[in-house]
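Undergrad: Provided herewith is a single structure, encoded as structure tokens, for subsequent inquiry.
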């Protein structure tokens, strides 16, 4: 324990192991035994001696002061007061000094008893139910039997037993004879024939008339007495016989439920005062510990391996499970008897505090109550043992002690939870670790930090891209130590203390110093929820008045921020390293691209788009119009605009670089602003001829492309300046144009009435056909819905044609600034069809629009969909967050580890998506070619293997290669690096558009890229409108979860398990058809009965199909694809591609772009594990799930030594299971099922090598990624004007 009190350099920790603690270790950790349940004295409010807060055990409550006050001040450091026995030291030792409780009887650790499966039960091969009965004193268990002694002495024992039975029978007969003799005597006394004695005096002097009755009574009593004698003696004989029978077949670990029988056996055959000690047994943890101590782990493991090798079915499964536990104990160095505790540790008091509330009452941690229960029961048990109380009472107290310790370790695991005030279950040690409020997630993975603040955000349109506005009051508080240091350095304050006072009083000098301090000192801004890495970015602060943080309009998209009351947090990077990181890696100008797809995220939106659209707008009749002026330069254009001789949309001809450009004045002014920025940054290097004059309307999409071109062509710094220019021009123009909305801008088309009347007639005709019985109700609904959809489209077209092109509402929608045509249609056209609560379309549309107003019925019809939408959004947010958490957990340790793993594996991606739209497959870009790329038509090599596929190169291929080209590329799923991914398999970093750096945490980025758009996905299951047979097809978020968890899909398709030829056969039922697939060589055939209407069109008689070909419509089951492919030796590629493509389908349906490689990283983690079928000579167990790379490494080792390697096959795991199966127990425990993970890890004596990010965050070490890697940590940073002997701001902050 003393070692724990020394400060450990966390960053030098290499690994952490976990194991079982022996009683001796628990006593070693302890500073003293807690023997009293008292906490603090209610009068003095000081800890009680020997109690749960005792200062002698846990250390002083005040720094450098003993309990009695004899020693005060630091100069007495380390002295132990001879009066009160308290060591003079810091009070913070009360956070790590432990105590212990010596138990009067051993108790079992509830995790190992009641965990599922029961580890103790597996070790002893006792069912959990029986184990429970023994531990809680309901049954007895035999711990040892002297089989040899019993066999040798069996005849003697039989004789002794028979002799005893004979003796009892003889005694019985004698007692019966005596009873009969007494009866005879009583009768003669009643009759007056003899004189009475003591036994017969009640029957003397009976009157004549009552003698008959008295004789009858005497006879009755005699019969009862004889009956009692017979019964008690027979019971005794029966018990002895049963005990003898039981004893003859008694075996160790046998449970005896009958307490009387066990006592009888023990008295006779288990006691030296009986017939001798032939067996031992008992109840409670003591008996179980005796059994555990007898287990020979080596022998048990050998026997179990033999059973596994020889048997099948249930027996083998059980043996495998037992072997896992036995082997864990055998190899870990943990002794199994340590699962039974003789002493329990007491947590340091500051981790279970007791604080006084205002009203003089106390609030205390639940643990104190639980410890008190243990101590009370333990003390009572000690007293009972000292008094020599009967077994029944002692056993009851032992049971209560066991229950108290159970409640302390894991309340509620067995039986009813112990409750406190208000029937609330008390929080036990396990609860302290579990869940969102537990130690792992609340205090280790996420902490509150100093030097941070939060405030409401407002827009700062005057800011530059890399700046943010920080309120003065916030800044002075955040940079306090820095300001104090400079005040002292400049001799504005004599010492740190007075500098602190100056800052607190906000003296005028402070503001000047603050300006200098924050110059070039970036701060981090964060908006919750931080869904991807762009949710935290660095900015240079600019001091602003007021109390709101100002942020640049272009970073809003990355933060998903708006100004309706959002708040953001500010954090100050303190050390020079942290500042350098913030400036170089996290500055907002470095985060223009979105890591999910590599496209710009800092793109002008809303007002800026409107302004840019307006300034580049030319009008429909641009071609026909005559130019109003010929301009020789940008300067002329400026003058003409200022004078008012030309307007923004006037057509002009500009002479530029020797060419005449027909354009508008607005476009000339726009291009001038851009060129001015370029010239200002590039200076003499600027080549105007290379600049492409923008001569088209700028809508949202075009602006995005423009930014994309800037990113590809110019350095980051210039890109941010160009973005600022776009922002300025956009806001400026939008303001000057004065675009706003008025009621009269919503123009209802005159043709609307005619269109509606036309369609009402058509609908009427359909209704008549239905009434006449020509069509079914489903057909009617389908046709009516089709007609009304057409009607809405026609009204929309009429409305578009009707709107003036400079109508503000039209411009907003057309430019992509805000809103959409569908919204304008609802305002000015018709709302159209609505859905009901089930998600089905109501066939009566809303014919009105919002301008005209809805009827009551129409309004009612609209409410269903609107409310469902609201509920949906709320559910979706929670589900999406949980999905992100699971994704992060499964991929958190995937880091770029090396340059090239040298794998031959690759995949072929089509140049265009095969989704019917025929869009380019963006996921080909940002990778490396794995083989030469050959033009399939000409056969020429277009690019060589190893080529870095940049965006421009990919776009060039789209133009020159035929559509059906397949591109062979490297992929993370085929990477052979055992601990992460290599640069070549990953490709380019989408966030920086450069080859990815070694150390980049690509797993986290992948998880964020998939999780962040999760909230945009729908929740709904699509209903097929009553078509029978086809199950509801899941879409949206539930479908993504279904795929990543590798579950059976809803609406699963029937697939062929083998390669073969199809033959279709009729069945008795009209609905069903029999599909038989026969292998080409006729060796096997598979039969599937499927619904006729679900049969896929390509499944026809004689068709040749491969395994995994779907026979019916629906989604495939990924496990089945993998199983079939492995049977044919086809590897995992088909499974990987199915998962990636299906996830992509969901995201593309919502218009979300994600690069395939992110999904591939997650899929790689799902397929990392293998199932060991036959362990050979390796250290693995049969049917053990292990990491593929560790099995391969072990096989290599065994083969070198000439042994047999393990046989295994890949398995697919859902992300939750894969996270729990990770090598790191810290990571798994902080994810889910904390108690189970820690139980298993402790038994196995697991070692956490701290390779992932999570486990390092938990122990407070720098993460082994990016700048946390050793090669980056050895860099030294020199700062100008920073002297080595300066007092550091960090020292000031610490003091």
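Numbers here mean position along the shown chain, with the first residue as 1.
Heads up, the Cβ atoms here are built off N, Cα and C, so glycines get one too.
As listed in Swiss-Prot for this protein:
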BINDING   66, 68, 81, 84  Zn(2+) 1 binding site
BINDING   562, 564, 566  Mg(2+) binding site
BINDING   901, 975, 982, 985  Zn(2+) 2 binding site
Undergrad: Around residue 66 (Zn(2+) 1 binding site), which residues of its chain at least 6 apart sit with Cβ under 8 Å of its Cβ?
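TA: Correct list: 55, 60, 72, 81, 83, 84, 86, 87, 88.
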Undergrad: Which of the listed binding-site residues (562, 564, 566) has the least company, meaning the fewest other Cβ atoms within 10 Å of its Cβ?
TA: 564
Undergrad: Return the single residue from the binding-site residues list (68, 975) that has the minimum number of other CB atoms within 10 Å.
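TA: Comparing Cβ neighbour counts within 10 Å for the binding-site residues 68, 975 gives 68.
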Undergrad: Hey, how far is residue 566 (Mg(2+) binding site) from residue 985 (Zn(2+) 2 binding site), Cα to Cα, in Å?
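TA: Just about 40 Å between their Cα atoms.
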Undergrad: For the binding-site residues listed here (81, 84, 901, 982, 985), which one has the lowest count of neighbouring CB atoms within 10 Å of its own CB?
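TA: Candidates: the binding-site residues 81, 84, 901, 982, 985. Fewest Cβ atoms within 10 Å: 84.
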Undergrad: Between residue 564 (Mg(2+) binding site) and residue 985 (Zn(2+) 2 binding site), how far is it from one CA atom to the other, in Å?
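TA: Rounded to the nearest whole number, the Cα-Cα distance is 43 Å.
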Undergrad: How many Å lie between the Cα of residue 982 (Zn(2+) 2 binding site) and the Cα of residue 68 (Zn(2+) 1 binding site)?
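TA: Approximately 64 Å lies between the Cα of residue 982 (Zn(2+) 2 binding site) and that of residue 68 (Zn(2+) 1 binding site).
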Undergrad: Going by C-alpha distance, which of the binding-site residues 68, 901, 975, 985 is nearest to residue 562 (Mg(2+) binding site)?
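TA: Closest candidate to residue 562 (Mg(2+) binding site), judged by Cα separation, is 985.
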Undergrad: Reported as an integer number of Å, what is the Cα distance between residue 985 (Zn(2+) 2 binding site) and residue 68 (Zn(2+) 1 binding site)?
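TA: Computed Cα spacing between residue 985 (Zn(2+) 2 binding site) and residue 68 (Zn(2+) 1 binding site) is 68 Å.
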Undergrad: Report, in whole Å, the straight Cα-to-Cα distance of residue 901 (Zn(2+) 2 binding site) from residue 68 (Zn(2+) 1 binding site).
TA: 67
Undergrad: Reduce the DSSP letter at residue 901 (Zn(2+) 2 binding site) to three states and note it down.
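TA: Reduced to three states, the DSSP call for residue 901 (Zn(2+) 2 binding site) is coil.
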Undergrad: Under DSSP, is residue 985 (Zn(2+) 2 binding site) part of a helix or a strand, or is it coil?
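TA: Looking at the DSSP assignment, residue 985 (Zn(2+) 2 binding site) belongs to a helix.
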Undergrad: Would you list, in sequence order, the residues of this chain other than 562, 564, 566 that have their CB within 8 A of the centroid of the site's CB atoms, where the site is the one recorded for Mg(2+)?
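TA: Residues close to the Mg(2+) site, other than 562, 564, 566: 457, 561, 563, 565.
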